[in-house]
Amino acid sequence: MLSVATRSGPFAPVLSATSRGVAGALRPLVQATVPATPEQPVLNLKRPFLSRESLSGQAVRRPLVASVGLNVPASVCYSHTDVRVPDFSEYRRLEVLDSTKSSRESSEARKGFSYLVTGVTTVGVAYAAKNVVTQFVSSMSASADVLALAKIEIKLSDIPEGKNMTFKWRGKPLFVRHRTQKEIEQEAAVELSQLRDPQHDLDRVKKPEWVILIGVCTHLGCVPIANAGDFGGYYCPCHGSHYDASGRIRLGPAPLNLEVPIYEFTSDDMVIVG
């Protein structure tokens, strides 16, 4: 008896097995098919018999791009002709679409365009930032009602000569004094060497007959009393500071003269403080 066994390996898709019976004294290589008896089970011929040969018949038999050798693992790579190659021409500039031309020829034009876009963008961003900063700063400024209280108009004809009138301005007392000619001459004759905070009377007034001061003592913030004290000006009852008719400190613990606010005479009979 002769038996042969072999493995086709990667050649299985192209090989097929056949057998032929020859009469002789030896045992046939393939036994003859015996009809099945009713007692034996009949195979379901409609169900495909899975084997290497049947599966190889179902394999795709298209042109191969790459084949395998005898001593390497079997693999098949097919050529795909339906794959679309990406094309980015729509996103590229016209100057660099031609691959046969050097990009140096159009570098100046492309750089100029880039600089132009950068410059326009920078100007736009700066303008937008300016508007944002302006709105932010404006939001922190005083409102209209606060600005209205920032200035006060005073009618000078309501203040008699030699008298002092007190007004409320920005939450502080405001002294407006109508000085006599004697007070004007007296304060102008004071030597600066006698003053703790040296300042001439003419430097503190715009018109000699009118003295405008903030009525807050420079020591601890008390409100002085007008037409009182040793110098006939203002006197702070808290700690005994004496000011003259020009608001200059003459005696007591106060270190500085009374503050002179910003004011302007709009007419002979009207002054605006603030």
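Note: Cβ is positioned from N, Cα and C throughout, glycine not excepted.
Features of the protein shown, as given by Swiss-Prot:
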type: TOPO_DOM; residues: 79-103; note: topological domain 'Mitochondrial matrix'
type: TRANSMEM; residues: 104-140; note: transmembrane segment
type: TOPO_DOM; residues: 141-274; note: topological domain 'Mitochondrial intermembrane'
type: BINDING; residues: C217, H219, C236, H239, S241; note: [2Fe-2S] cluster binding site
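Other than C217, H219, C236, H239, S241, the residues of this chain whose Cβ falls within 8 Å of the Cβ centroid of the [2Fe-2S] cluster site are, in sequence order, T218, L220, C222, P224, C238, G240, G252, P253, A254. Sequence-distant contacts of C236 ([2Fe-2S] cluster binding site), defined as residues of its own chain at least six apart whose C-beta falls under 8 angstroms from its C-beta, comprise C217, H219, C222, V223, P224, I225, H242, Y243, G252, A254. Sequence-distant contacts (6 or more apart, same chain, Cβ under 8 Å) of H239 ([2Fe-2S] cluster binding site) comprise C217, H219, L220, C222, G252, P253, A254. Cβ neighbours of S241 ([2Fe-2S] cluster binding site) (same chain, under 8 Å, six or more residues apart in sequence): C217, T218, H219, P224, Y235, I249, L251, G252, P253, A254. Every protein chain considered, the tally of other Cβ atoms within 10 Å of the Cβ of H219 ([2Fe-2S] cluster binding site) stands at 18. Secondary structure of the topological domain 'Mitochondrial matrix' (79-103) per DSSP, as helix, strand and coil residue counts: 7 helix, 0 strand, 18 coil. DSSP labels the residues of the topological domain 'Mitochondrial intermembrane' (141-274) in these numbers: 24 helix, 43 strand, 67 coil. Other Cβ atoms within 10 Å of the Cβ of C217 ([2Fe-2S] cluster binding site) number 23 in total over all chains.
Looking only at the topological domain 'Mitochondrial matrix' (79-103), the predicted model's pLDDT averages out at 77.
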